[in-house]
């Protein structure tokens with residue numbers, strides 16, 4: 001009824017608060033559309049401050065260990081080699097974090113994806129999104145359980161996927177992550193209700 005009235009008047013639809021009972025995706029579309037025309041229900045962007053702090057910490061640690069490996073001459077070739085490999089790994093992780101957090105994440109009624117278009121998972125594959133204290137999740141983020149394992153992927157500071165687990169978060173906003181997790185659970189609940197009605 002309200003959707004018909006909005007179309008008739010030409011006025012914009014009001015966005016519902018997180019956790020609302022109405023599962024119509026158009027009621028939650030407050031972030032526009034993707035380039036393919038899909039509604040964006042939630043968006044999760046890296047925090048500029050956390051991004052810089054994370055990169056600086058990793059870069060500083062990598063340089064410090066590299067200094068120890070090259071100029072402090074630790075006893076034993078194996079120890080020096082270990083420190084060198086560790087330092088290069090940390091510096092590589094710093095580079096990967098900076099590159100990965102150039103993008104954000106978008107949730108549509110169909111999928112969770114990077115803003116550049118890379119898909120993390122289809123909504124149809126998701127079983128639940130958990131933000132509990134004991135959930136194996138990234139900082140300021142949430143964990144999504146999938147119905148089938150996917151390829152292992154790691155985008156430092158933004159998301160990772162290991163088997164049936166999809167971790168979202170890192171250098172992101174906790175409030176944006178909470179809202180996205182709520183929207184995912186809303187979509188999952190709507191899907192379950194639709195299947196029940198069909199049965």
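All positions are counted from 1 along the displayed chain.
Cβ from N, Cα, C; glycine included.
Residues 52-71 are the range that TrEMBL records as transmembrane segment, among 12-31, 32-51, 52-71. The feature region 'Disordered', as given by TrEMBL for the ranges 1-26, 79-104, sits at 1-26.
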